[in-house]
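Participant: As listed in TrEMBL for this protein:
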- W55, Y148, K278, G311, R395: substrate binding site (BINDING)
- G115, S116, D249, P312, T313: pyridoxal 5'-phosphate binding site (BINDING)
- K278: N6-(pyridoxal phosphate)lysine (MOD_RES)
Amino acid sequence: MNKNHTDSLAFDREHIWHPYTSMSDPLPSYLVESAHGVNINLATGETLIDGMSSWWSVLHGYNHPVLNQALTAQAQQFSHVMFGGLTHQPAIALAETLINITPKGLDRIFFSDSGSVAVEVAIKMALQYWQSQQRSEKHKLLTVRNGYHGDTFAAMSVCDPVTGMHQIFDNVLMKSVFAPAPRITIDQPWQAHETEQLAQLFEQHHHQLAAFIIEPIVQGTGGMHFYHPEYLKQVRHLCDKYQVLFIADEIATGLGRTGKLFACEWSEISPDIMCLGKTLTGGYLSLAATLCTEHIAKTISDGEASCFMHGPTYMGNPLACAVANASINLLLEQDWQTRVKEIELQLVAELLPLKAHPQVNDARVLGSIGVVETNAAVNVAAIQKRFVELGVWIRPFGKLIYIMPPLIIKPDQLSKLTQAISTVVNEVECFL
Ligand SMILES: *Cc1c(COP(=O)(O)O)cnc(C)c1O
C-alpha cells in the first residue's frame, strides 16, 4: 500500500507518536523522500540543508557510499546473531578501535542499542561495583542541574529535575543528589568557588554515592551550555577523594563534535565509565557502548552475581558495528580537526554578531556546534515552517536555536543555515 503524500501524513498524524509530541494536537511532520549529503529531500519536492545531523548523529552526511557499502557487505555475510555464546569481527574490530581512541583506562566495553540504555548500563555497573564489595549503601547518584541523560527511568532520575520529567514520575524515580549546574563557561577565566557547593555535596553524601554522572563540557538538551574544562578536573579529584565512580556521558559529544575526539580531552581526564551513542554509526543505526575500567569489570565479575546483569537481544548488532567501524575510519582518516575548526570559525563569524540583536540573549560556538539563545521561547510549528520555506532543517526548542551540521557541509551551505537563523530572529510570529 503506497499512500499519496496527504494520506500518508494524515495517517501519521492519527496513529504514530513522534518525540515529545501530543497525539491530540500534534506538531506538523514533514514527509521525507530521500536524503543525500547534507540535503534532506521532502516528498513535496523541497530540498532542505540539514543543520541538525538528525540529533547529533549524521556525521558524514546522508546516503554515504562508504557507509552504504559497509552495511550491504555485512548484510551479505549476516545481519544479526545473538551475542550470547557467539561473537563476530565487526564487534571485535569496533571494540578494539574504541578502546584505542577513548581516554586511557577504558578498556572493557559493553554494547547496547541506544544512548539511554548505555546510561542505564553505566548506572547498573556503578551499583553492582559497590554491591560486589558489600557496600550497597553506596547506591545514589550525584549529578548537576541542566543535565540530560536519556528517557529511561534511571537516566531520567539524573536529568534536570525541573526541565526533565521529574514531576510526572516523581513517585517511581530514584532520588538523585543535584549540584548547581556549572556556570563558568569554556571561554571565561576559572574561579575556584565554582565547585564549592559540589565539593560540599561530595563531602555530605559520599557514604551513599555510587557515582557522579555528567555530560562533559557540553550540557546539551539541558540548555546547550559549554562549561569550563577545569570543572571536570575538579570532579575527577573529588571522585577520587571520596571514592565515587565518575561516569562521562559522551553520547552527544563523542567522536569529534567539540573539536576534540572526546570532550573529556578538554580536561585531560579519564572517567571510570563512559557512554557513547548517537553518531557512533554515523547516523545509520542505533548503537551505543558503555566503556569501563578493567578494575570495575573485575570487581563486578568477582562479586556475588559473578557477572554483569544485562544483555540486550540486539547486543553488538553486526550491521550496526560494521557501519560504526566504517564511520569511525572515515572520520579518523581525514583531517577532521581542521574540518571542525573551519566550521567553528565560520559559525563564530556568522552567528556571534547576533549577540547584539535585541531578540537574542546569547550566541555561542564550540567546535561544530552553534547556538543562538533567544529572549522569548520559539513557536516550534511557526519557526519550523519558516525554516522549511528558507530551505533549511533546523529544529529549535525552548529559547534555543542550535545547529550541529554534518562535517561534510560546504561554506555556502553553512551560510544558508546561519542566514536562516539571522532571518527568523527578526520575525515575531516565530516566537511565543
Ligand atoms: C541523546 C542523549 C542520550 C539518550 O540517547 P538515546 O539514544 O536517545 O536514548 C543520553 N545522553 C545524552 C548526553 C544524549 O545527548
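A Cβ is built for glycine as well, from the same backbone N, Cα and C atoms used for every other residue.
Automatic prediction, not curation, is the source of TrEMBL annotations.
So that I understand the layout, could you describe where these features sit and how close they are to other parts?
Facilitator: Every protein chain shown contributes to the tally, and the Cβ of Y148 (substrate binding site) ends up with 22 other Cβ atoms within 10 Å. In three-state terms derived from DSSP, Y148 (substrate binding site) belongs to neither a helical nor a strand segment and is classed as coil.
Residue environment of S116 (pyridoxal 5'-phosphate binding site) contains 21 other Cβ atoms, counted within 10 Å of its Cβ in all protein chains.
Around K278 (substrate binding site), the same-chain residues six or more apart in sequence whose CB sits under 8 Å from its CB are W55, W56, S57, G115, I251, A252, G254, listed in sequence order.
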Participant: Determine, using Cα-Cα distances only, which of these binding-site residues is closest to D249 (pyridoxal 5'-phosphate binding site): Y148, G311, R395.
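Facilitator: In terms of Cα distance, D249 (pyridoxal 5'-phosphate binding site) lies closest to Y148.
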Participant: Near ligand 1, which of the binding-site residues D249, P312, R395 are found, taking a Cβ distance under 6 A to any of its atoms?
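Facilitator: Within range of ligand 1: D249.
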Participant: Measuring Cα to Cα, how many angstrom lie between T313 (pyridoxal 5'-phosphate binding site) and R395 (substrate binding site)?
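Facilitator: Here the two Cα atoms are 32 Å apart.
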